[in-house]
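Report on the following structure.
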C-alpha cells in the first residue's frame, strides 16, 4: 500500500515544485510524502488507503455473493486465490462468515470512516476555513500512522490459518469471545480487537484536530454562520466520533479481558461440548448496549460528511444558493444529537424491556424529521436550477435518491413491532446498504470527482465518469431492491446456505440476479479506478476554479503548496452560496470578494457592509 | 509548524490556545470512556448475581492523597505564575510524590481485594470485582500518563523554562492533573454509593 502512495505522490508533485515555499526544499522525500505533516498529503494517504480497502472489501462481497447466488456451483477457479478456504470447489462455511464479517468491518470503519472523513476532513477543513494547516500537523500525522498500523494488523489477520474474525462486524459475545465457537474467534478476533483499538486512537487524534481547527483557526471574517456546509458536517462528525469511539474502546477492552484474562463481563453459564465454562455472571446484552452506543452514532459518522459534500456540490452545480442554509445546519445538529439516544433500536429482539423499546422507537422515528428537512432542501436547491450535470453532480443527485429510498425503509424498521418480523433479514441488509453504504459511497465518489482538480491539479475524464456513474447507480438499485422483497419473506442474513429451506428455495433466481448485478456493479468500479489513476498522471490540466465555486479552496493555486496560499490568507466577507445572485455580472461571487466590489448585486441589508 | 508561529495567524486566528482546547477534547473522550464503564456497571448490577463486598479501606486514604496532590499542583501553578521558582520545584516534586503514593496505595488496595478473595478473573471471579479492577486500573493507566507529563514539566522547571512568561506547559499539566483527581473522586463516590 505504502509503495503505491510513494510513487504516485512523487509523480504528481514533481511537476510543480517551483510553487513551493522556500522551506519546502530542504525537506527530504520521506518527510514530504511519507511522514508528512501537511494536511493535503495526509488526506491523499487516507484516500489511497481507503481505495485499497474498498477494493478488498468489494472483492469479499463478490465472493460471498457468488456463494449466495450460485449455491450449487463449484468454484474451483477460486482455489488459486483462496487456497484451502475452497474445498472441492465449495466455499468453506466458516470462511463465508469471515468474509461477511470482514466486509462489514472494512467498509464501515476502514473505508467509510477513515477513508471518507480522513480524506475530506483533512483536505477540506484547512482549505475551506482559510488556514495554513491543521491545528497540530504532528497529531494529524500520528492519526494516519495509527490507522496504517491498524490496517496492517487487520490485513494480516486475513491470512491467518484460523481465518480472520468471523462473528459478524458487531462482534457480539459469546460468539466472538470463545475460540471454541468458531475458529475466527481465535487469533483473528484478537487481531481484530487490537486493530480496532489502534483505529479508535487514530480516529480520536484526527477528530480532536478537526474540532480544534474548525473552532480556532478560521480566517478573518469567517464566522460559524458563514462556514460551508461541508465544514459543519465534518465538525459534527468529529464531535460524534469523539463521544462515541471511547465507548467502543471500553467495550473492546472488556471483551479483551473476557477473552484473555478470564473475566466474565459478557459471558455466563455456557456449555461447550457438554462441559460448563468457568465464566459466570456476565451479560451478553450489556455488550450490545455498549456496542450500539457507538454503533449508531457510527452510521452518522459515515453519512454526515457526505451530507456536507453533497450540499456543497449540489449548490455549486445547480448554480443556486443552498436552500435553507440554517435549516441544514439545524438538521445536522438535530441528527447528531438524536444519534445518541436511539441505539437500542438495534436490540428490539434482544429481550430488552418492550416499554424501553417503544421509547427508542419514538426517538428513532423523530430522526425522520431532520432527515426529511435535508432531503427537502436538496430538492428545493435543485428546483429550477441551472444544473451542470458533471459526474460529481450526478453522484450527488443519486445520493439524494438513495438516501430517500433507504430512509423510507428506516421508518419501517424503526417500529419495534415490525422489527420482530424483519430483524436480521435481508430487508435490514437492503435498508442500510442503500441509506448508509451506497449513499456514503456515492457521496465519496462525488467528493473525489469534485475535488480531484484541487487534489491533483488535473481533471478526471468525464465520459468515463458518466459510464461509471450509470452502471453503479443502476447496479445499486438492481442489487438492493430485490433484497427488500426476499427480506420481507423472512430470508435471514448471514446464512451460508439456504437451499435446505423450502420457503426460500423459490428465491433462487432472485439471488442469482442480485449476484450478477453485484458483480457488474463491482466491475464498474474499475472504470473509476482507471480514471482516477490515469487522470493523476495524464488528465487534462485543471484551472484554479474549474467549477466556478465560491469556497476558499478555489482561491488557492492549481497545486496548493505547503501553507496553501502563497500570499496572505484570504479574508471572508460573505456566505459561500452566492450563486446566480440577481444583478451580479457572473453567476458566482467567491467568499473573499468584499461587498464594496459587488454594489450592483448587494441586497438592501448588505449595503451596510459596502 | 513554522507557519503556526506566524504573527499574522496569531493575531487573527488564535481564540483559545489550540493545545489547551485539544487537551479538553481528549478529557471529554476519557470522560466518555468512564461514562461507559460506570453505566455498564449499573446496568450489570441491576441484573443480579452480583457479589457484594467491602471496598478496601485504603481507597479512602488514596483519595485524600490524590486530593492533596491536586492542592500541590495548584500551588505549583500559582508559584509559576508568581515566578517563585523555588516553591514551584518543591510543589511539583510533592505532586509527583503524592501521585506515586496514590499508585502504591491502589496497588495495596488490589492486594487487599485478592486477600479477601475478590479476583479480577478466573472461575471464582464475579463481574462486581472485575469492574472494580477495571475502573481502578484504567484510571491508574491515565494517572501514569499524567505522571509522565508531570515529570516532563519538572525537567523543564529545573531548566528554568517554566515561569510567568512561559506558562502553557504547566497550565495544561495543571488541567490534566486536576481532571485525574476529579475523575478519581467521581469513581470513589460512585463505588461507595454502589456498594
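Positions of Cβ are set from backbone N, Cα and C atoms, glycine also.
Of the given residue ranges A:261-289, A:464-492, TrEMBL assigns the label transmembrane segment to A:464-492. Of the listed segments A:46-64, A:65-83, A:160-178, TrEMBL assigns transmembrane segment to A:46-64.
Ranges compared are A:15-41, A:231-257, and TrEMBL records transmembrane segment for A:231-257. The range from A:95-125, A:560-590 that TrEMBL describes as transmembrane segment is residues A:95-125. If you take every residue in the domain 'Cytochrome oxidase subunit I profile' (A:29-573) and average the pLDDT, you get 94.
Outside the compositional bias 'Polar residues' (A:593-603) by six or more residues, the chain places 573-574, 581-585, 609-610 with a CB less than 8 A from a CB of the stretch.
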